[in-house]
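According to TrEMBL, the feature domain 'GHMP kinase N-terminal' maps to 63-145. What TrEMBL records for P92, L93, T94, R95, G96, L97, G98, S99, S100, A101, S102 is ATP binding site. Taken from TrEMBL, the feature domain 'GHMP kinase C-terminal' covers 209-270.
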Amino acid sequence: MSMIRSSGVRVRVPASTANLGPGFDTLGMALSLYSWVEMKPAASTVFHLYGDNLEGLPQDKSNLVYIVAQSVFAEAGVDIPELEISMYSDIPLTRGLGSSASAIVGALYAANALIGSPLSASKLLDMAVALEHHPDNVGASLYGGIITAVWDGVHADILRIEPPEQLEVLVAIPEFQLSTSKAREVLPKQVSLSDAVYNVGHTSILTAALAMGRLDLISAAMRDRLHQPYRAPLVPGMMQILEEASQHGALGTALSGAGPTLLALVDGQAGKREQLEGFLIEVLKSHDISARTLWLKPCTYGAQELTMDNDSSLLDYVRGEVKA
Ligand SMILES: Nc1ncnc2c1ncn2[C@@H]1O[C@H](COP(=O)(O)OP(=O)(O)OP(=O)(O)O)[C@@H](O)[C@H]1O
Ligand SMILES: N[C@@H](CCO)C(=O)O
């Protein structure tokens, strides 16, 4: 029997980067950049979308978060047709930082909490992957840390790896958007056995290196032949960044998810931050691409419920949390 929490729930979900280079659709990592979702039963459905990143999203029952919440209620046999949904996000949309996965995970997690959490984390993962199709993003947003995942079309198996402590992440986020569907259209339907073997080997070494804290192996391991070469024309300057960033202080570089964001893994104890940041910005600028950079950490936790204070709006809450 489900218990509906009429005062509502508030959750925070980390962004994610998928693939980490060779681990196409299988390796992901949660990042210290977040979105927040608040959900309450209501007399009629209403949305409060805060901040620039959510501009233009639908504010009716066609919104992804509403649709996903209803799928949780249907699965649990609960009827809550009208919802008050508030969202704030620091995760830019359609840039390869898992905005859709964070929205799906936030909606699943909040809706499940709203009815007393009848669905297990593993059920939420299966539902999230069925919606997003990429376990690398949703797994990282749900569980945090580094995740390696496989999906058979129904069930996802996932293992979580604790990120090496000194690992830092620099992202260069271009101004333009690139949808995952467009970035998948350019991929070949078939690849050669030698390219498949190349990626299996590099993904295995990268996963083991991350699990063992062998940062010295990351540069050699973060190489890919399955998706980045085909996506390179969509992000001019990307190949130069992938090939040369290690000379400017990166341990390894990759297209983040389906792009266009570029991501560099960095040893936080090794310095050279400004040089690397300048290199990424300059290469993109030489191709007329404006980008902003952010220094992030791997996020070690996934979606979390937060204390709900009904006297303050989600926006006040987030402002307080970010300032604290
Ligand atoms: N908070 C949200 N509420 C509703 N819809 C959202 C929300 N966040 C993202 N979306 C939907 O997800 C789309 C972006 O998904 P897409 O998979 O193309 O990019 P991404 O998830 O940001 O990047 P990637 O999957 O490569 O990491 C947006 O255009 C929007 O339709
Ligand atoms: N693994 C997916 C991530 C997209 O979010 C891809 O690269 O297309």
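Placed from the backbone N, Cα and C atoms, the Cβ positions cover glycine too.
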For P92 (ATP binding site), name the DSSP secondary structure in the helix/strand/coil scheme.
coil
Entry from the binding-site residues list P92, G98 having the most other CB atoms no farther than 10 A:
G98
Here are the binding-site residues: T94, S100, S102. Which has the lowest count of other Cβ atoms within 10 Å?
T94
What is the total of other Cβ atoms whose distance to the Cβ of G96 (ATP binding site) is within 10 Å?
31
Would you list, in sequence order, the residues of this chain other than P92, L93, T94, R95, G96, L97, G98, S99, S100, A101, S102 that have their CB within 8 A of the centroid of the site's CB atoms, where the site is the one recorded for ATP?
A15, I91, G257
Across the domain 'GHMP kinase N-terminal' (63-145), what does the mean pLDDT come to, as a whole number?
96
Under DSSP, is S102 (ATP binding site) part of a helix or a strand, or is it coil?
helix
